């Protein structure tokens, strides 16, 4: 397997070359074991927190450099926490009809799978660059593990996040909202994820809505899914800041992926 992509919160993995076992799609993501600790003797993951807003193009260039270095054995794995200025990104399956307001913010084409998503201030973006050869070479288990990190983080704030087999990401039930047209309970997305793998090194990652301007999601059909809404921790009534979430994110990450240490010279 050379490269695979997964969208920010929708669809199945697009495997560009074969490499998955016959049981790949048999288990639900809830049933998959999500322990992704590295092989014994592996160094801890670098944990980087950037202050201020990081331009999207700059972040992608940095990810590309880090992924190449990790794949070559020249750098340790990295988790990078940051915020972007307001923007939309288009995955490889993006339908231009889902870009409702094309002039609202800059739109970036990106190599990840999937459709459109929004990034902006108040949203914690987490770029996860791990060498799955040191862990488990299982794309679906990796996606489930990232979702598990989000769910554990939310649980530490007494928020129940849930998976849905037909839509990747993490969702919260909204019983106070009107029922869906099919009679089901309303649900909002609170966290999205979208990954790409190169030589079994992951990049891109996940995002958690802490306190973004939720109106900016109206400029797109997020991941092509119009039946459900979008929420944030503050929208749910939690008086939290991004720094508070960062502490819990690291705790949850270490429970699933193993030790992480602040990068020398990094903020946080």
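Just so you know, glycine gets a Cβ as well, placed from its N, Cα and C.
Now, the feature entries from Swiss-Prot:
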type	residues	note
ACT_SITE	223	active site, acyl-thioester intermediate
BINDING	112, 113, 114, 115, 116, 117, 118, 119, 192, 193, 194, 205, 206, 207	substrate binding site
DOMAIN	73-261	domain 'BPL/LPL catalytic'
SITE	189	site 'Lowers pKa of active site Cys'
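Neighbour list (residue 118 (substrate binding site), Cβ cut-off 8 Å, at least 6 residues apart, same chain): 86, 87, 88, 105, 212, 216, 217, 219, 220, 222.
The least crowded of the binding-site residues 192, 206, judged by other CB atoms within 10 A of its own CB, is 206. Taking the Cα atom of each, residue 114 (substrate binding site) and residue 189 (site 'Lowers pKa of active site Cys') are about 16 angstrom apart. In the three-state DSSP classification, residue 116 (substrate binding site) falls within a strand.
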